[in-house]
Amino acid sequence: MTHSEYRDEYCGAVTESLIEQTISVVGWVHRRRDHGGVIFLDMRDRAGILQVVVDPDTPEAFATADAVRPEYVLKITGRVRRRYEGTENANMTSGHIELLAKEIEVLAKSETPPFPLNDEKSTVSEDLRLKYRYLDMRRPQMQDRMVFRAKATSAIRRYLDDHGFLDVETPILTRATPEGARDYLVPSRTRPGNFFALPQSPQLFKQLLMVAGFDRYYQIAKCFRDEDLRADRQPEFTQVDIETSFLNEEEIMNINEGLIKHVFKTMMDVEFEKFPRMTYAEAMRDYASDKPDLRIPLKLIDVADLMKDVDFKVFAGPANDPKGRVAALRIPGGASLSRKQIDAYTKFVGIYGARGLAYIKVNDASNINNGVDKESGLQSPIIKNMTDDVLVSLIERTGAESNDIIFFGADKASVVNDAIGALRQKIGLDLEMTTCEWAPLWVTDFPMFEETEDGRWTSMHHPFTKPKGSVEELKTNPESALSIAYDMVLNGTEVGGGSLRINTLEMQTAVFEALGIDDQEAEDKFGFLLDALKFGAPPHGGLAFGLDRLIMLMVGASSIRDVIAFPKTKTAECPLTQAPAEVNTKQLRELGIRVREKVQADTSKPAE
């Protein structure tokens, strides 16, 4: 029991073991019901809900119960008893018992909340929920998610502690480094015109901890990125940050795979087999994504070689373009899709840059070896542009059967991958094609660099990732270089990513050169790291998990905002505190900052 001045046990933890005992509980009134002279109060705390019965035999308690309203804070003392037969609630831990009240004390009254807290089905705008987040988090679903997160985080710590990792804190105020997103800057009062940056990750500091000899490090770290927000993005987020020395790629992956297995087993009693692995090239070829959802048994099939000579520029153009791709996606049973559904999918792929969505309905594939019946066997506006040989080859290569549909993507490879990869995921979920609840995997062997639109190289992960091969090989063929990097994917979501790191000055300099970072820029931005590499840096590597994203998947939430206590909106604002906000002139003057007025566009005249 949980003894204190106020209570003996949590409401949700009162069970049959306490029958006939007198106890005190505290909490909020979840519901109040008056049934023919007997008042029922559902009392709620973080552990759950307890039914309290108040009858007229205790007139003082009855009068108090008659006056209370939802969200009043009460202390109730009474006797635990078994519920009458037929009134049990198997969905509640306390569903077989109730508390017969003797005394009720009002600890705090409540105004009527701006939205109901006892109806999970009520539709409430997210902005209103975030404005009154302290009320929103009283809802049982939010309480459960916050408790789940806390326990999962504890399980993570226990696993890492048991495996010899040390929890070491790294600075929040650091310097700006290019890691792919804009930094949040903090002005220095003591050095006017200079700024700290909030860390996008503890990357460099954890590498320095390896140089310092702390060979197994972890941290539940706050990270900050000033970027456009999506369902799985926040300006501040939490990362399970891990780094090790003297372990190879396989050993690091095994430790982190074990961590996820431990958390799922501890929290959900879910057991995983060994995670499958595929290379980045295989993932892009078969799933058009570097984070494929393997619950969905659909694969893309390359058909560019069949389309090089067709009388259809939409296909022939990309088929003959070295940077193009023509891919087919077969949907079993998809011939039943309506014109309206196909139009909706066409609109969907347009979001990703596709200029249309070609398809062939396979109504009858029974006589495919005897040629193609274009009248009844296949149905599509595009088949008139293809020979029978091409159509037969398409059906055979995709394995299409009667009543299937084949969708096509034909464009630059990047557009096809984005559009058809997303279509694969959407159709798989829309048509309920998932074959299992959880599908983890590792994706490995990422390209070291990717080319920008202006022809420069940029790091696919970050510039401290160790490449495969030698310095000479990197300098000779940077476009072919692969990194010793690995991402953990779960149900189509990247939950973690890591790599081996560069631990020699020679290789780090070569990578900077490939990225167009000259010696002076490297010294200015990363001089402290380059210096550290001169003093015996051990072979090291690590990984970071997005804690918010992992918890979101585990509890089935639709957004990480639903598993963060006080999240920001999609516009990086906090409706609760009204942050960000203006500060007074005195504070700005102390920091040597002057705010420029935004120039308002003249909207009185039409644009020319």
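Cβ atoms are placed via backbone N, Cα and C, with glycine included.
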Q. For the record in Swiss-Prot, which of the ranges 203-206, 239-242, 535-538 is the region 'Aspartate' one?
A. 203-206
(Q) Please identify which of Q234, Q508 is recorded by Swiss-Prot as part of the ATP site containing R225, D226, E227, E494, G546, L547, D548, R549. (A) Q234
**Q.** H35, R225, H461, R501 as recorded positions, winner by CB count within 10 A
**A.** R501
(Q) According to DSSP, collapsed to three classes, what secondary structure does R501 (L-aspartate binding site) have? (A) strand
Q: Could you say whether, by DSSP, E494 (ATP binding site) belongs to a helix, a strand or a coil region?
A: strand
(Q) Give me the DSSP three-state residue breakdown of the region 'Aspartate' (203-206), ordered helix, strand, coil. (A) 4 helix, 0 strand, 0 coil
Q | Overall pLDDT for the region 'Aspartate' (203-206), taken as the rounded mean | A | 96
Q. Quick one, of the binding-site residues E227, L547, R549, which Cβ has the fewest other Cβ within 10 Å?
A. E227
Q) Cα-Cα separation of R225 (L-aspartate binding site) and L547 (ATP binding site), in Å? A) 15
Q.
Are there any residues at least 6 positions away along the chain from E494 (ATP binding site) with a Cβ closer than 8 Å to its Cβ? List them or say none.
A. D290, K291, D487, M488, G546, R549
(Q) Around the C-beta of G86 (site 'Important for tRNA non-discrimination'), how many further C-beta atoms are within 10 angstroms, looking at every protein chain? (A) 5
